[in-house]
């Protein structure tokens with residue numbers, strides 16, 4: 001499942017965040033890549049312990065944990081602290097699959113990367129190229145969203161970032177360990193939950209709603225891992 005979640009941040013908030021990112025000191029993005037990925041990765045990255053990364057990352061997670069669409073689709077158990085990158089001057093990241101497990105807090109905790117997310121802090125007209133290209137069931141999907149918007153997709157997906165030939169592309173990316181490991185099961189639960197919400201709005205007193213809601217929770221109980 002590939003899902004576009006709009007307006008995590010407002011235009012005014014994005015403008016302030018991007019201004020701060022533009023003034024930050026960036027490092028070589030290869031530092032956080034695995035052995036194979038490092039050979040394909042050509043970008044800049046904000047150090048993970050940078051105060052700005054922590055500040056914006058905490059604000060992002062607070063928004064997302066209170067966002068009904070993200071919660072419904074991701075069913076998050078744990079989230080890897082958001083990272084921040086910049087592509088400019090031909091920077092790119094060739095096709096790769098993210099590492100299956102990420103260490104957090106110096107290895108004291110681990111996060112399984114069931115879902116990948118990218119939150120854009122540059123508008124499409126601010127740069128040329130830089131599309132996030134994701135290979136899914138329906139072929140190659142090119143993603144280039146407005147600043148403040150997020151795309152959520154399975155961590156198992158082969159993906160790349162096309163070269164940025166003009167301007168700069170600022171974004172954040174992170175991984176989520178879901179209560180439900182399998183993408184097909186998460187997709188089914190998401191579709192059920194969205195249907196339940198629509199029916200609750202349109203026919204709130206329909207007796208089948210209780211049964212359908214019960215079925216959703218029984219499936220979640222069967223498939224969830226804690």
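Going from the start of the chain as shown, residues are counted 1 onward.
Yeah, the Cβs are placed from backbone N, Cα and C, and that goes for glycine too.
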*Going by Swiss-Prot, 96, 98 bind Fe cation; tell me which of 4, 42, 159 is listed for that site too.*
159
_Integer Å distance between the CA atoms belonging to residue 169 (2-oxoglutarate binding site) and residue 96 (Fe cation binding site)_ = 19
*Identify which of the binding-site residues 96, 159, 169 has its Cβ surrounded by the largest number of other Cβ atoms within 10 Å, counting every protein chain shown.*
169
*If you draw a 10 Å sphere on the Cβ of residue 98 (Fe cation binding site), how many other Cβ atoms land inside?*
19
*Could you check what DSSP calls residue 169 (2-oxoglutarate binding site) once collapsed to helix, strand or coil?*
strand
